[in-house]
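Trainee: If you scroll down you'll find the structure; I have some questions about it.
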Amino acid sequence: MTRNENVEENLSVRVRDLNLWYGDHQALKDISIDIFANTVTALIGPSGCGKSTFLRCLNRMNDLINSVSIKGLVEMDGHDVNARGMDEVALRRRVGMVFQKPNPFPKSIYENVAYAPRMHDMVSRKADQDELVERALRDAGLWNEVKDKLHEPGTSLSGGQQQRLCIARAIAVRPDVILMDEPTSALDPISTATIEDLMDKLKKDFTIVTVTHNMQQAARVADYTAFFHLGEMIEYNATKQMFSNPHTKKAEDYITGRYG
């Protein structure tokens, strides 16, 4: 690692010795990683290696699965997100999520963005709400395409537009971290390029952690990359270093397509 690793204020998320089980099956094994603020971190690895499971540990989405048990530290601002008494709703406001397939609410474009800030009492006046919706849609690169049809259903948009609407929905509450679980896997190449450009812009204000199976995408968008294999994090480094000179044979084989 090359980035001021000992400077705590650069950290957004600190993970130490994280283990997770689905019943008797251990899905994550002793994961330790520092995720830096205002960067894009890509999680790569074969299907079933633990990438998405790890991602969901960062906002406790795994808590929704009855058979899950977790040990280890996931820390934000010095607070363990798994600590007893942690407000999960408040945590998920700070750690937004964008899923693999666009999933807009069955509401208008406007309401898709306005709903969460209103539920969190972030706005009271209609004018403030309008301003917040416009800001989120602008930040998601969608405003000019929807400003004249804000009260049409979010589901009326194209797939790529729906995914940007979901990003606008996530950033409307101004989270610290945005989790993206293969956010472009269901999109066409043009929409994919738009989302990738957006990720580069959004990292100025947010920390982004993304799961991807696309090595080229990881190389294009990520500042740091972590390679997972069979529940273990095999290697974590600056993306340029990882892709030009990986330190492990497993990472090299996966990145170069020789895996398996």
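Backbone N, Cα and C define each Cβ position, glycine as well.
As annotated in Swiss-Prot:
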- 13-255: domain 'ABC transporter' (DOMAIN)
- GLY45, PRO46, SER47, GLY48, CYS49, GLY50, LYS51, SER52: ATP binding site (BINDING)
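Thinking about packing and proximity, how do these listed features fit into the structure?
Mentor: Within its own chain, LYS51 (ATP binding site) has LEU43, ILE44, GLY45, VAL211, PHE228 as residues 6 or more apart in sequence whose C-beta sits under 8 angstroms from its own.
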Trainee: Determine which residues of the same chain, besides GLY45, PRO46, SER47, GLY48, CYS49, GLY50, LYS51, SER52, have their CB within 8 A of the center of the CB atoms at the recorded ATP site, and list them by sequence.
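Mentor: Filtered neighbour residues, in order: THR53, PHE228, HIS229.
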